[in-house]
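Asker: I'd like to ask you about the structure that follows.
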């Protein structure tokens, strides 16, 4: 099939990328000894560097291939999806970044347990981090399978499984060798490559159509069987009352979930102070705006030049829109580059996730819950590295099992989980003095539990043709994304549990310290 | 390093008993920092400088959050429930919905730049004032 280009070329561009980044990771992290180095890159990155890395965490395969493909296939509805990814950064900028940077050191658990009873809260925070990261990771690894099918023309399940395993092992290597510093550099390199790639492609496309977006869209409608209706809402999400409500729920999870993902939150620790954390979100917002403007052009460009039917028929389906467009406009070489960048994207994002999950286990569960804070940093890092290997193996297995599942769905579920478990708790603990341990536990477990429960009984699991278990039907919750219910529920749980339980008078000093540190940043480095 | 690895909560318990004891050298500065060098956060929290900072911060971020969330949700709800309205063609085949979506990009940038400007002008100097008054550095 000519549309897949030259697999050998794709693979060699990818191999060159891996070799170069591995070398850089090795070079930047030769003195990777302290816990701060491993988890937070010694807080040595600038706001600009971290901002690019932050956006790198989001320019995942799901958003690069998924959203440009979504636009190429469903027009307006694909574009809708991308708006949430940009707006979501405002939550991070205004509400979370600085307070989190000022009160924590390595993990979300640091902030949530700051003025609460250490062990139960840290355990809860780690549980939430592990569940959220697991869902997100499975989505990325499942995406890797589809991508491999498309780009390397490997169609046998065994061949794909082997390649997923290779992807997983390279990613663990990044984490083991480089820690946060190495992972961040991989993220930066990849984000810059990806941005260059999409910007050049869009400028080229716009030039081809006389710099008129309208002209691209005009031709796009001619290559879609819906015609001009594809530019209107509804091509994907439909018009039934439930599908509309489901869409609103998804939109809410997107905007509130992105800045609550553990591996994103952890990024704020890689900068030296709160004002650099603020600067990094500003950078991330700019890069995301540019990126999603480009995906709009690329998505409609693919629809115009390749055609929706050709895309749908290609191996990898919708996800193949951007690579097919690259092949159409730049031949096998451009396809090779786009493929390599897409691969690199999966590697980098999964490495970040592995690091977040292993830090949460080693720092919160092992060091603070099991060892009650009495543990040698060296030993803690050893546990973190061991955890990274375990997480890597689990994600390889999960990725092989989930190969072929709907990636966007899995990502949106991870976002709903993150918004439900983390957002309410972080906001309460930073901005509400009365909030206490009981409230913290209720808002974490209430949000996480209700979200998981609703996912299990939703059409995602059973009762529909696209379900994970299509032959069973135990679904009673009508929405595919539970965010609309579980996010407010976690806010309610945290509020009620706090006002109905006693204030923690013995924690008043810590509450004062947290408030002063979160808002003013003074004393934050002591 | 072991000390630094402990949770923030555990290292704090000593200063409570020491609070209120003045030293001979500089009683003025020591009222915010005890003899062990630990800041007295409760006192700092009650200073006018801190209250002003907190008021300036919250009076910006909460209304702004309400603003961008409602603008985003309006866009989402219009797309879901007012299909004909957002399908109105404006420039060529580009319809109102696409423009509203791109408008979200623009408002995001405006709010982002607005906040960093506000933080530089109104928040960071106030933080500096507080740090100077209390003698507690970042």
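Even glycines carry a Cβ here, placed using N, Cα and C.
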Asker: Given A:37-65, A:124-152, which one carries TrEMBL's transmembrane segment label?
Answerer: A:124-152
Asker: Ranges A:383-402, A:503-522: which does TrEMBL label transmembrane segment?
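Answerer: Result: A:383-402 is the stretch TrEMBL calls transmembrane segment.
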Asker: Establish whether the number of Cβ pairs under 8 Å between the transmembrane segment (A:124-152) and the transmembrane segment (A:383-402) reaches at least three, counting only pairs separated by 6 or more residues.
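Answerer: Yes, these stretches are in contact.
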Asker: With the transmembrane segment (A:329-362) as the reference, which stretch in A:6-26, A:158-176, A:383-402, A:442-462 has the largest tally of C-beta pairs below 8 Å?
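Answerer: Highest pair count goes to A:6-26.
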Asker: State the residues, same chain only, that lie 6 or more residues beyond the ends of the transmembrane segment (A:383-402) and have a CB under 8 A from a CB inside it; answer 'none' if no residue qualifies.
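Answerer: Beyond its ends, the transmembrane segment (A:383-402) has Cβ neighbours at 38-39, 133-134, 137-142, 144-145, 160-161, 164-165, 167-169, 171-172, 175-176, 350, 353-355, 357-359, 361-363, 366-367, 410.
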Asker: Might you confirm whether the transmembrane segment (A:482-500) is in contact with the transmembrane segment (A:281-306), defined here as three or more C-beta pairs under 8 A between residues 6 or more apart in sequence?
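Answerer: Checked: the transmembrane segment (A:281-306) vs the transmembrane segment (A:482-500), no contact.
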Asker: Sort out the residues at least 6 away from either end of the transmembrane segment (A:247-269), same chain, that have Cβ-Cβ distances under 8 Å to it, and list them.
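Answerer: Residues packing against the transmembrane segment (A:247-269) from afar: 39-40, 43, 50, 53-54, 57-58, 80-81, 84-85, 87-89, 91-92, 95-97, 100-101, 104-108, 128-129, 132-133, 136, 180, 184, 237, 277, 280, 352-353, 355-357, 359-360, 412, 414-419, 421-423, 426, 479-485, 487.
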Asker: Might you confirm whether the transmembrane segment (A:482-500) is in contact with the transmembrane segment (A:188-207), defined here as three or more C-beta pairs under 8 A between residues 6 or more apart in sequence?
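Answerer: In this chain the transmembrane segment (A:188-207) does not contact the transmembrane segment (A:482-500) - fewer than 3 Cβ pairs sit under 8 Å.
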Asker: Among A:6-26, A:79-97, A:158-176, A:408-430, which stretch has the most Cβ pairs under 8 Å to the transmembrane segment (A:482-500)?
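Answerer: Going through each listed stretch, the top one turns out to be A:408-430.
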Asker: Which range out of A:6-26, A:158-176, A:408-430 gives the transmembrane segment (A:79-97) the most CB pairs under 8 Å?
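Answerer: Per the Cβ under 8 Å count, A:408-430.
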